[in-house]
Amino acid sequence: MASLKFLSIFIVYFAILLGFVNSQGLELGFYKKTCPNLEAIVKKAVADFVSLDPTLAAPLLRMHFHDCFVRGCDGSVLLNSTKSNKAEKDAIANLSLRGFQVIDAAKSALEKQCPGTVSCADILALVARDAVSLINGPTWQVPLGRRDGRVSVLSEATTNLPTPFDNFTTLKTRFGALGLNVKDLVVLSGGHTIGVSHCFSFGSRLYNFTGKGDMDPNMDKNYIAQLKTKCKPNDVTTTVEMDPGSFKTFDTDYYTLVSKRRGLFVSDATLLTDKQTRTYVSAQLSSNGSTFFEDFGVSMVNMGKIGVLNGKSGEIRKRCAFIN
């Protein structure tokens with residue numbers, strides 16, 4: 001038993017050390033000499049699309065999130081399925097992702113100026129940042145140097161991605177396993193200030209929360225009544241704004257909604273069940289969200305360090321949807 005305990009401790013220590021080494025492999029100005037116009041090129045590509053369709057910002061942000069939570073931030077969410085393998089992109093949680101054309105446009109422009117240099121994983125990290133910034137959100141410096149993974153497995157996305165139905169314990173475990181803390185959890189949840197959700201992601205809260213035809217007592221009754229006018233039982237097609245009235249603008253309204261028990265998901269409501277996350281929600285309300293933008297940038301950088309490939313690991317894809 002003692003030897004097993006030692007082995008477990010060693011494995012955990014090695015995993016932490018590996019994560020530290022990987023994160024240290026990223027740096028600001030990584031492409032300063034090899035592709036100096038990288039960030040300007042990516043920002044233009046994002047602006048060309050988001051200026052015409054601001055609703056793309058939310059799925060682009062979510063795409064980076066979903067990439068990092070499965071196999072680390074290695075661009076695996078961008079890969080297409082093959083005849084012999086179903087990729088992450090085809091997991092149910094990823095079917096509503098949009099904006100892959102933005103990534104492709106940025107990659108195409110970069111390949112013309114800096115062929116074989118910039119990874120799709122790095123492009124995705126920059127695209128997420130620029131998409132948020134372009135809809136009045138914060139900006140932050142993105143450490144770069146990720147390489148692209150060669151593996152993408154649908155079942156891993158199904159298993160590892162947080163879900164709208166997760167309670168606090170599950171969320172804390174999922175985030176903690178990747179080196180993210182409770183503050184990162186509550187801050188990154190604030191990304192729900194933009195975008196829409198399908199009714200099936202929260203429909204049980206309206207109609208059948210415990211399997212007895214009941215409503216979720218942790219959701220505001222008046223809000224439930226409003227949502228029922230849009231979402232009928234077993235509705236799998238209708239979408240609803242996650243932050244009604246400003247779902248195209250990155251702001252601090254999400255925490256106001258959560259405090260009023262008007263977050264769409266169980267994973268939103270659960271932020272009021274833990275002292276630390278509840279305190280953060282209250283702090284953003286009392287200060288008009290004075291720290292949220294800065295906090296969001298910090299947590300995005302933290303998330304962007306998860307399981308990165310660098311050095312000679314992985315590859316630099318020529319096309320983001322296909323391994324070389």
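Cβ coordinates are placed from backbone N, Cα and C, and glycine is handled just like the others.
In TrEMBL, Cys231 is paired through a disulphide bond with Cys199, chosen from Cys199, Cys320.
The disulfide entry in TrEMBL for Cys114 points, among Cys35, Cys320, to Cys35.
Between the CA atoms of Cys231 (disulfide bond) and Asp243 (Ca(2+) 2 binding site) there is a gap of 16 Å. Put simply, His66 (active site, proton acceptor) is 9 Å from Glu88 (Ca(2+) 1 binding site) when counted between their Cα atoms. Taking the mean position of the Cβ atoms of Thr193, Asp243, Asp251 as the Ca(2+) 2 site, the remaining residues of that chain whose Cβ falls within 8 Å of it are Gly190, His192, Ile194, Met242, Ser246, Phe247, Thr249, Phe250, Thr252, Asp253, Tyr254.
In space, Arg62 is the closest of the recorded positions Arg62, His66, Gly72, Cys73, Cys199 to Asp251 (Ca(2+) 2 binding site), judged by Cα positions. Neighbours of Asp74 (Ca(2+) 1 binding site) among the disulfide-bonded residues Cys35, Cys68, Cys120, Cys320, defined as a Cα within 10 Å of its Cα, are Cys68, Cys120.
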